[in-house]
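Q: Not my notes, these are from TrEMBL:
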| type | residues | note |
| --- | --- | --- |
| BINDING | GLY176, GLY178, LYS179, THR180 | ATP binding site |
| DOMAIN | 165-299 | domain 'AAA+ ATPase' |
| DOMAIN | 376-445 | domain 'Chromosomal replication initiator DnaA C-terminal' |
| REGION | 1-111 | region 'Domain I, interacts with DnaA modulators' |
| REGION | 132-348 | region 'Domain III, AAA+ region' |
| REGION | 349-468 | region 'Domain IV, binds dsDNA' |
Amino acid sequence: MTEEPTNDAGQALWQVCVEQLGQELPEQQFNTWIKPLTAQVAEDFSKVTVYVANRFKLDWIRAQYAGRISAMLESLYGQPVTLELALAHRESVVRTYVRPPSGERHAPPETVAVAVPTVSPEETAAPVFRTRLNPALTFETLVEGTANRMARSAAMHVAGSPGHLYNPLFIYGGVGLGKTHLVHAVGNKLLADKPDAKVLYIHAEQFVSDVVKAYQRRTFDEFKERYHSLDLLLIDDVQFFANKDRTQEEFFNAFEALLAKKSHIVMTSDTYPKGLANIHERLVSRFDSGLTVAIEPPELEMRVAILINKARAENAEMPEEVAFFVAKNVRSNVRELEGALRKILAYSRFNQKEVSIQLAREALRDLLSIQNRQISVENIQKTVADYYKIKVADMYSKKRPASIARPRQIAMYLAKELTQKSLPEIGELFGGRDHTTVLHAVRKIAGERQQLTELNQQLHVLEQTLKG
Ligand SMILES: Nc1ncnc2c1ncn2[C@@H]1O[C@H](COP(=O)(O)OP(=O)(O)OP(=O)(O)O)[C@@H](O)[C@H]1O
């Protein structure tokens, strides 16, 4: 039973919040999810209780929209507002409290307390199905260009009528080109159209770890129940299955079960199926049995459009001439383009100057000087070997002790960061190593760099030495 609203000013606040969300969200999403909501606002505006029709919708609103609603209420009211989600149809409500926004734009809301007053045990025990989708990664926010046109249109088709054509859909391309964004977009679109669909996004590494856990805990039945019952499985970076026999077997089983019941599978990888190393032939041929499409590095106009759109999403203006200047200088992938944009906007805000070519030049001077100096992989290998006092030859050798393997991984990371070489090219220059080895090294060092101050400092010294 929905409680009656307690104050008119509170209702007005809620109405404005709903209207603003209506302007932000695609119409269908708004009509399905936001419009039916009712709310009760506390007298002192400290808390807003939003009533949702059923448990599924409650979970979905909490995962996809609660952070945005909470942020909107806070910005309208000017102070933090506690958002509470409650089931509308029962006298005893299920309450989920969401912390006021933390400032992070698309961060999922954090549930700080779930109190279930008088709900029967079976209901409380019902597991919440988590899609792991990032609601910010949609088709609307993905810029279309020649580089991703085919992949995008195949993905749209799958989202619109899953289980039919292009099953599995296999999307491949280099780092930071939008593969992950595209698969999330498929899941988000399907769920917006069919809220009851069982959709799961998972990175291949997480799948490996789920297999290991199921193995250790002898919970393969649950594992199968979880994966085999999906309507749409989105699995990212399947090259990580290399050499993992048990994972490949479980994935094969899941794959067959899903296809048999006309569920859809969308996969991404850094290479096309036949280019995958150390993955069983029967799996490779399954990967290739639907539609395989590539995403290429974005062309100039697409890079310009991405910069302008992303600046707008940050409430900033990027004049077209500046966008062209940046796009001409940052060519490799979208992630780097985003990094360049962040630098420019931060530089502009910090110095309180408008975004111009001159400002972009100053903000990106490190990046531009790297490109001008054309650092070579050989130079990186020598500098890193000298720094860690190992032989340059160890950069190509098969030796594995940590004292050698780690500097080698650092050199691979720097080669990816500071040169335009592709992963396979870098692998070749490190004694004919596989590109997945390079990708693993790049990710490992990039991750550790965030955590370990000492490593960060060492990398900084190496970068400065290399940039001269
Ligand atoms: N066409 C596009 N329009 C807008 N944003 C994009 C586009 N392509 C990529 N991006 C953005 O660039 C960033 C990197 O994209 P994403 O993570 O999807 O790349 P990826 O191909 O999965 O890379 P990796 O192989 O490293 O996982 C993301 O923030 C994504 O939103």
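Glycine too: its Cβ is placed from the backbone N, Cα and C atoms.
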Q: What residue among the binding-site residues GLY176, GLY178 has the most other CB atoms lying within 10 A of its CB?
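A: Within the set of binding-site residues, the most crowded position is GLY178.
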Q: Under 8 Å Cβ-Cβ from LYS179 (ATP binding site), six or more apart in the same chain: what's there?
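A: For LYS179 (ATP binding site), the qualifying residues are ILE171, TYR172, GLY173, ASP236, THR268, ILE295.
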Q: State the three-class DSSP label for GLY178 (ATP binding site), counting H, G and I as helix, E and B as strand, and everything else as coil.
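A: Once the DSSP labels are grouped into three classes, GLY178 (ATP binding site) ends up as coil.
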Q: Which residues, same chain and not among GLY176, GLY178, LYS179, THR180, have a CB within 8 angstroms of the centroid of the CB atoms at the recorded ATP site?
A: GLY173, VAL175, LEU177, HIS181, LEU182, THR268, ILE295, VAL334, ARG335
Q: Note the mean pLDDT of the region 'Domain IV, binds dsDNA' (349-468), expressed as a whole number.
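A: Result for the region 'Domain IV, binds dsDNA' (349-468): average pLDDT 89.
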Q: Going along the chain, which residues six or more apart from THR180 (ATP binding site) have their CB under 8 A from its CB?
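A: Result: LEU137, ASP236, THR268.
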